[in-house]
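*Asks:* Pulled these from TrEMBL:
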ACT_SITE  Lys93  active site, proton donor/acceptor
BINDING   Gly193, Val194, Gly195, Asn196, Ala197, Gly198  NAD(+) binding site
Amino acid sequence: MVKTKEVKQQQQDLSVFGQLAEHNHEKVVFCHDQDTGLKAIIAVHSTVLGPALGGTRMWGYASEAEALEDVLRLSRGMTYKAAISGLNIGGGKAVIIGDAAKDKSEALFRKFGRFIKNLNGCFVTAEDIGTTSKDMEYIRMETEHVAGMPETMGGGGDPSPVMAYGTYMGIKAAAKKAFGTDSLEGKKIAVQGVGNAGAFLVELLAKENTKVFITDIYADRLRDVSSKYGAQVVGMDEIYDLDVDIFSPCGLGGTINDKTINRLKCRVIAGSANNQLRDETVHGQALLERGIYYAPDFLINAGGLINVYAELVGYNRERAYAQAERIYGYTLDLLQKAEEEGIPTQQAAIRMAEKRIAEISKLKSTY
Ligand SMILES: NC(=O)c1ccc[n+]([C@@H]2O[C@H](COP(=O)([O-])OP(=O)(O)OC[C@H]3O[C@@H](n4cnc5c(N)ncnc54)[C@H](O)[C@@H]3O)[C@@H](O)[C@H]2O)c1
């Protein structure tokens with residue numbers, strides 16, 4: 001039977017190699033172990049700048065296809081995050097398919113550690129959603145290629161404070177562009193999600209005499225942050241309609257979408273959440289048309305990666321903060337460049353990251 005071009009294209013889209021080819025992933029490793037019930041996928045997107053660093057996420061994916069899609073998307077994001085932050089590491093990610101509340105064991109993580117060991121350093125992992133520093137300790141028993149260890153073990157500990165500081169720097173840079181000053185005094189800021197990252201961010205914002213509005217799924221978190229920093233609690237849906245200067249997504253991704261964009265009254269969107277734009281192309285363009293300055297998520301939330309990277313080169317907290325502070329300059333340059341080129345900021349950020357990777361790959365061709 002002769003296949004039409006359309007059928008061939010569909011098959012290409014569905015095949016694993018087709019998916020790898022789409023964003024030029026280097027390697028994907030499927031890890032399986034009958035005894036421990038381990039089912040994991042490690043995706044190495046790029047090692048041009050250095051070993052691929054990325055967290056291991058444990059999640060109850062509805063299907064294996066969904067897990068593969070997630071790990072491919074997240075590993076590519078890590079490449080861009082590292083590249084645009086000037087770090088000498090590549091991008092990777094791992095997912096373990098399972099329920100983090102029920103399916104964990106020492107044996108499972110140690111087996112997973114052995115799979116990482118077999119990659120001989122081309123992939124280094126750390127904590128992510130569904131995994132903890134305890135899990136990383138189990139992985140560490142089998143391989144040295146793991147970061148994000150507790151401070152007591154010579155690691156950098158919780159990356160959230162450094163991450164929140166970098167995000168704060170990104171917010172100030174975007175404010176400078178939108179309002180002509182990076183002082184946030186008197187600015188009205190809506191923070192969506194006050195978990196680890198959001199709470200540290202609100203603390204920094206409160207020090208600048210801002211008016212902060214917060215929302216979250218968990219009432220106890222809201223009570224805590226509100227009483228500590230005087231932030232005003234609002235409803236989860238209400239947050240999109242507030243008359244604020246800055247909207248800061250710090251919960252889950254995808255909250256900038258067709259349903260929310262037209263409701264936003266802010267001039268700046270800048271927060272810590274990964275993948276804030278539901279559709280990078282469509283919603284990046286929509287924000288440009290609405291005159292909203294969007295500080296790309298992977299640029300301004302890179303402080304977490306910076307903190308983990310710092311461990312690989314000998315952890316020093318002051319140096320990690322100093323590196324996170326550079327996000328201010330990077331964001332300002334990026335917003336300027338996007339404006340000059342008349343393109344969405346997310347697109348400009350991807351171009352900037354890809355440019356660095358292309359340039360460094362050329363110099364590495366000389367032995
Ligand atoms: N913590 C870090 O070092 C770090 C680093 C890089 C990126 N990030 C990203 O920042 C975001 C927050 O990370 P975290 O470590 O604070 O996670 P977290 O789980 O500690 O907190 C997230 C909070 O957001 C809330 N939330 C989720 N969806 C929401 C919604 N629609 N409306 C209101 N609240 C909502 C949750 O209830 C939770 O309290 C995530 O997207 C994460 O991927 C975090």
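From the backbone N, Cα and C atoms, a Cβ is placed for every residue, glycine too.
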*Asks:* With every protein chain in view, how many other Cβ atoms are within 10 Å of the Cβ of Gly195 (NAD(+) binding site)?
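*Replies:* Taking all protein chains shown, Gly195 (NAD(+) binding site) has 17 Cβ neighbours within 10 Å.
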*Asks:* Rounded to the nearest angstrom, how far is the Cα of the residue listed as 'active site, proton donor/acceptor' from the Cα of Gly195 (NAD(+) binding site)?
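*Replies:* Taking the Cα atoms only, Gly195 (NAD(+) binding site) lies 22 Å from the residue listed as 'active site, proton donor/acceptor'.
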*Asks:* Taking the centroid of the Cβ atoms of Gly193, Val194, Gly195, Asn196, Ala197, Gly198 as the NAD(+) site, which other residues of that chain lie with their Cβ within 8 Å of it, listed in sequence order?
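*Replies:* So the extra residues in range turn out to be Ser160, Val191, Ala199, Phe200, Leu201, Asp216, Arg221, Cys250, Gly251, Ser272.
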*Asks:* Consider the binding-site residues Gly193, Val194, Ala197, Gly198 and say which one has the Cα lying nearest the Cα of the residue listed as 'active site, proton donor/acceptor'.
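*Replies:* Sorting the binding-site residues by distance from the residue listed as 'active site, proton donor/acceptor', the top entry is Ala197.
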*Asks:* Name, in the order they occur in the sequence, the residues of the same chain whose CB lies under 8 A from the CB of Ala197 (NAD(+) binding site) and which sit 6 or more residues away.
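*Replies:* In sequence order, Ser160, Met163, Ala164, Thr167, Cys250, Ser272, Asn301 meet the Cβ cut-off.
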*Asks:* Which of the three DSSP-derived classes (helix, strand, coil) applies to Gly198 (NAD(+) binding site)?
*Replies:* helix
*Asks:* Using DSSP reduced to three states, classify Lys93 (active site, proton donor/acceptor) as helix, strand or coil.
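*Replies:* Note: Lys93 (active site, proton donor/acceptor) is in a strand by DSSP.
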*Asks:* Are there residues of the same chain, six or more positions away from Gly193 (NAD(+) binding site), whose CB falls under 8 angstroms from its CB, and which are they?
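*Replies:* Result: Thr215, Asp216, Pro249, Cys250, Gly251, Leu252, Ala273.
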